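One structure below.
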């Protein structure tokens, strides 16, 4: 009887342990997968500072190119493509959080004029859906539907990102006018060098926090190093912790300076930003332009016909 109770207790504890483990796995997996776009969203009300700098550059320190392509002009209540290109060498591998090498991911933030927003699914054509692929876009804030973020997504598949955009209609939105508007974009490839809390990631260079002699270098079991430096000023020891990923550049017994790089810089990615302009075109203005062009063409035709008629009259008078 006692053995049976013991078995039941063990079974109950094992079931509880497995359930808790599954819950922790699901929660952590979700938070990790959704973390990247949220970094900027949690820390900044607007991703574009007053200076024009996009805040993603605070974590992605290397400067890399990005390109955006939009139509020169669009009509109201029209779906169009905003194509963001984030070029990089597909052969490159980045340092992952565990110190291993892996493929680069990409992400982008698109800052549209007020009134422009992500097109609803039922307004997107099958051809455009095919270009978009399995990308999932979200608004930067529920109240800022004109600012869209996406990523991280595999860079090898999505180095070109197609945003489906719906233009506003001034007839229904009184704060929107038929004008030329700017569009801003930021795009990154690879992991950042600094987390939003100010701590370094393992995808950056680590510098010495003291000048002196490297007394000891201990390789940690899970990767990374502990570097003990004997301070040159008073001899006290300073320990610098290097996470897995960066390659060590110093050795024991070496004399180093303050802020001297202890590791290589493993970062192969970077962030870039760009801009474009788009005109919200008045349909009546387009119709007026077409009418004007048609009238000019008709006037030219009548002028040619009149000239030929005049030449015929002159020719008949000369023959007479």
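Including glycine, each Cβ sits where the backbone N, Cα and C put it.
Keep in mind the model is a prediction, meaning the values are calculated, not measured.
These come from Swiss-Prot:
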type	residues	note
SIGNAL	1-35	signal peptide
BINDING	36, 56, 59, 60	heme binding site
TRANSMEM	286-306	transmembrane segment
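Of all the binding-site residues listed here (56, 59), the one with the fewest other CB atoms within 10 A of its own CB is 59. Under DSSP, residue 60 (heme binding site) is assigned to coil, being neither helix nor strand in the three-state scheme. Cβ-based neighbour count (10 Å, all protein chains) for residue 60 (heme binding site) stands at 25.
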